[in-house]
């Protein structure tokens, strides 16, 4: 009996080795993967090699690629070997419904199923397409769309509205929010909306195509709304600060003129809304699609067939996480309490003068 078990075990081991050998013979091809994930509990998307205490989405992805046999182990250790590139580096706690990564893999059978088998359920690969050999998902991307889901009491006026979950957004306030969000459209100097960039740094200029807040809806007795923003590219914390400043104005902490002022050279105190509600919705490859999408060899990078899977994933993993975390940890409510500490009126120069006088 023991020998029987032994033989069986040897046989499965041999089968695995055979399939591994088969994998090694497969040519490597450049592909893109469409990813969705809930970012709670992760330190963002990008892998920090050598820093294991901060777990990232890419740690889990690379491990699944190695285990499924798509890439050899040494490619997992040195991601340049597989020409790996993510389209957007989402920050700590931020989710994605349409992240794109490009890399070279062995095109094994049932590749998506095998990768997903080695991933936790809150990270899914929803699609795969072959791309040109020189494709780089970061450089070839011409726009990114993010959404930000927030409880509407964030827009309650500090002096005369209910501040808690009983609040409901009225038409007039929604129109004011949208008027302010529309101010961001076009090209502006966003040096005040990120850290480590000076007012004269050319990379602080960014182009925003659209920004608006949709109709509110109620989930678990709390009213939420979703803000959508599409831009060429965004700097670290930029979207959260853009939203943070609009909230400060609508709540009555800051004057509307602060938006215009923030694009000038002076330093303006811009509050940063919590990361919880931010979701990378989709990335756009319009130029690439025009050039290669219909060349007979490559498919356009559009995901209409995957739309339903994306919607299901958001309903199952992204929205419940945002709603439940908000209810349990009150990240928005706690952050709103810090707005009164910010100094929205004086410029950095005035603050320095005042400090000197008070000294």
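Just so it is clear, glycine is given a Cβ too, placed from its N, Cα and C backbone atoms.
A TrEMBL annotation is a machine prediction, not a hand-curated record.
Annotated features, as they stand in TrEMBL:
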- 1-25: region 'Disordered' (REGION)
- 1-11: compositional bias 'Basic residues' (COMPBIAS)
- 91: active site, nucleophile (ACT_SITE)
- 184-286: domain 'Pseudouridine synthase I TruA alpha/beta' (DOMAIN)
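Helix, strand and coil counts under DSSP for the domain 'Pseudouridine synthase I TruA alpha/beta' (184-286) come to 25 helix, 33 strand, 45 coil. Each residue in the domain 'Pseudouridine synthase I TruA alpha/beta' (184-286) has a pLDDT score, and their mean in this model is 95.
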